[in-house]
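Listed in TrEMBL:
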- Tyr282: active site, O-(5'-phospho-DNA)-tyrosine intermediate (ACT_SITE)
- 404-413: compositional bias 'Acidic residues' (COMPBIAS)
- 1-110: domain 'Toprim' (DOMAIN)
- 124-542: domain 'Topo IA-type catalytic' (DOMAIN)
- 402-423: region 'Disordered' (REGION)
- His31: site 'Interaction with DNA' (SITE)
- Arg134: site 'Interaction with DNA' (SITE)
- Arg135: site 'Interaction with DNA' (SITE)
- Asp138: site 'Interaction with DNA' (SITE)
- Tyr143: site 'Interaction with DNA' (SITE)
- Arg284: site 'Interaction with DNA' (SITE)
Amino acid sequence: MKLMIVESPTKAKKIGSLLGSDWRVEASMGHIVDLPTDQMAVEPQTYQLTYVASERGRSVISRLKPLVAEADAIYLATDPDREGEAISEHLKRYLRIERYQRVTFNEITETGIKAALAAPRPIDRRLVAAQEARRAADRLIGYRVSFPISTAAGQSLTAGRCQSPAVRLVVERQNEIDRFKVTDHFSALAEFENGSWTAEWQTKSFLQGDDEYILDQSLAERAAACRRFTVTAAAEKPVAKGPPAPFTTSALLQAAGATLGYPPALTQKLAQSLFEAGLITYHRTDNPNLSDDGIAAIGAYAEGQGWQLSEKKRRWPLPEGAQEAHEAIRPTHVEDREAGEDDKQKALYKLIWQRAVASQLADAVYKTVTLDLTADAGGERFHFRARSAELVKQGWRIVAADEKSDDEDEDESTNGRVPMLQPGTSVTATGGKILRKATKPPRRYTETSLIRKLEQMGIGRPSTFAAIVSNICNKKYVVVEKRYLVPTQSGRAIVGNLVGRFDFAEYDFTKDLEKRLDLIAEGRERYVDVIADLDQRLDVELGKLASVKPAHPCPKCGKALRLVTGKSRSFFGCSGYRDGCPVICENDNGKPGAVIERSDTPSEKQAAFAKRIAEENGLSLPEEVMASAKALSVWIDEALAAAPPRLASDKQREFIATLIEQNGLQPPAGWPDNVTSDVASAFISKNGKAKGKSKPARRRKAS
């Protein structure tokens, strides 16, 4: 028996259907081990990571060990990226696999799997080291910086390698908006043939000095009153417009957000499902170019449809720092114009199909007409311009229209269909009007435009963009208001306390660290050197922070008071509780108020419950909170409200995996690693007694 191990049951089922009966394809359900949530888990000096197996991981290990012992050959076929490489390494280590083949595929098709099996390799330790360096850097920054920065700020804050620069971008954009002063100004529009086409006043000749806009309404009124015009210049020419590039991860997240209204996390989840079903190529990529096989497949399909192909092979420039490990995202079977399990998957698949196919078709061609016109009024000469573009050759537009962008102006005007007139022609306007305009502040970021900015700045990678945005929203550093990201008081506090004190909050430092992680993956940097440099830099910066006076000193001992917020109330507690200071104060509009007399001590049950919440959610539990039952109650309320929904138990996951395998069901949302207990319960309730299908036997819980 040949054993192949992949991440998810859906993927296992699809691959199993493509391989012969002598194969067994099993799922690891994602990572089988992880860093513990109650400690940093990074060893001093060596910077080795300490892993622990979760209850689910132990169950998977118990299930796979007998199969490993029985197998004649073992293939580790986790995803073709750093995360997948780390999962394969952990499978090898914890299942004690001595002989194995590491295989990867960019598409889950018979062709893709055959190609992968024909090119086995060892696990790439460089990729594993790069993944571990990212985890170590995140742990060092998060664990070492969060507590002291919270003490300095007087409230609970968390620092993050990519999270903090992302919040900074949102805060700085909001600051630009807050500082912006609106300038009202004017222009004018001349209407011809009862508005069938128009020309706009070109104001440049009336601007003086450094002026950018016309502020004189009477001048605009004179321009709008012009009726007799002379054509001074005319041009008619074809303009070719090429198609947009096939999707990278970042581009897909942006297009799905602008066109379909999908948040990044949903797009990532849908793309994962499409990949695992064998419908699209691997969806985590920074390469906007297709493989030769992909180009050939699309070309053959397009010719069969009678569509004109591009005369030359198209190549798009790579983003700075791109790894180019995988081709752009495309359908694996281009002849399937519709695919997916539900409407959301189908809509995303259609977007991917259109973009990939359009990329190989001929340019769209427009006939553009531009007229320059002048009119004299009151001894002044006014210049106007009219321009129109008419599609005369569809090219790639036969399959894809222009997509929306988060940055488009909603009120962008058009001049209508402008006729081609010869210079010297006199033309009379049938009307005119003043255009009242106002300068606009920069737009707030949306989730997708923030991802575009992060990519442009070299912060984050295709596999982490969606998680970065979700993280800063979940931690309430930013909130979404009508699709736009708005910083909260906590978001402003984290930026105000990090910028100028810590290098990791600087954009260039974060970008350079990301590059060093890439160099580890290429074997040009050593894991220990990169992490040691970061750790030593944190030593220096934390040393400077120690001399910073707390925002709210305790009235009794002088140490920092920290704000603790719950559902119904909030208070300030002293961080010096470990040294015996019991002070807590009322919250007086964000500042410490009167000292609260307290003598209540938490019960053992309450304390144990709070510790369990902290451990399960990776939260810090301040000592000053543990000193008071009332304070601890507030903390518990806050933690439960802010914590992500409780994940499904291993027992629920085992049962769901059996249901999926036996009944061919679509996995529930978040499957396998992020499915919540509530979603799991609903899925089991709905499918546990599938009509006409055998009821799956419950698997015995691994010991």
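Placed from the backbone N, Cα and C atoms, the Cβ positions cover glycine too.
When the recorded sites His31, Arg134, Arg135, Asp138, Tyr143 are ranked by how far their Cα is from the Cα of Tyr282 (active site, O-(5'-phospho-DNA)-tyrosine intermediate), His31 comes first. Arg135 (site 'Interaction with DNA') falls within a helix when secondary structure is assigned with DSSP.
All protein chains shown were included, and the count of other CB atoms within 10 Å of the CB of His31 (site 'Interaction with DNA') stands at 21.
Arg284 (site 'Interaction with DNA') and Arg134 (site 'Interaction with DNA') have their C-alpha atoms 17 Å apart, to the nearest angstrom. Nearest to His31 (site 'Interaction with DNA') in space, judged by Cα atoms and limited to the recorded sites Arg134, Arg135, Asp138, Tyr143, is Arg135. In this structure, Tyr143 is the one among the recorded positions Tyr143, Tyr282 with the smallest number of other Cβ atoms inside 10 Å of its Cβ. The separation of Arg134 (site 'Interaction with DNA') from Tyr143 (site 'Interaction with DNA'), Cα to Cα, is 14 Å.
A 10 Å cutoff on Cβ-Cβ distances gives Arg135 (site 'Interaction with DNA') a total of 17 other Cβ atoms nearby, all chains included. Secondary structure of the domain 'Toprim' (1-110) per DSSP (helix as H, G, I; strand as E, B; remaining residues coil): 40 helix, 22 strand, 48 coil. Secondary structure at Tyr143 (site 'Interaction with DNA'), taken from DSSP and collapsed to helix, strand or coil, is helix. In the shown protein chains, 22 other C-beta atoms lie within 10 A of the C-beta of Arg134 (site 'Interaction with DNA').
Its own atom aside, the Cβ of Asp138 (site 'Interaction with DNA') has 17 Cβ atoms within 10 angstroms in the protein chains shown. Arg284 (site 'Interaction with DNA') carries neither a helix nor a strand DSSP state and counts as coil.
Neighbour density for Arg284 (site 'Interaction with DNA'): within 10 A of its CB lie 24 other CB atoms from the protein chains shown.
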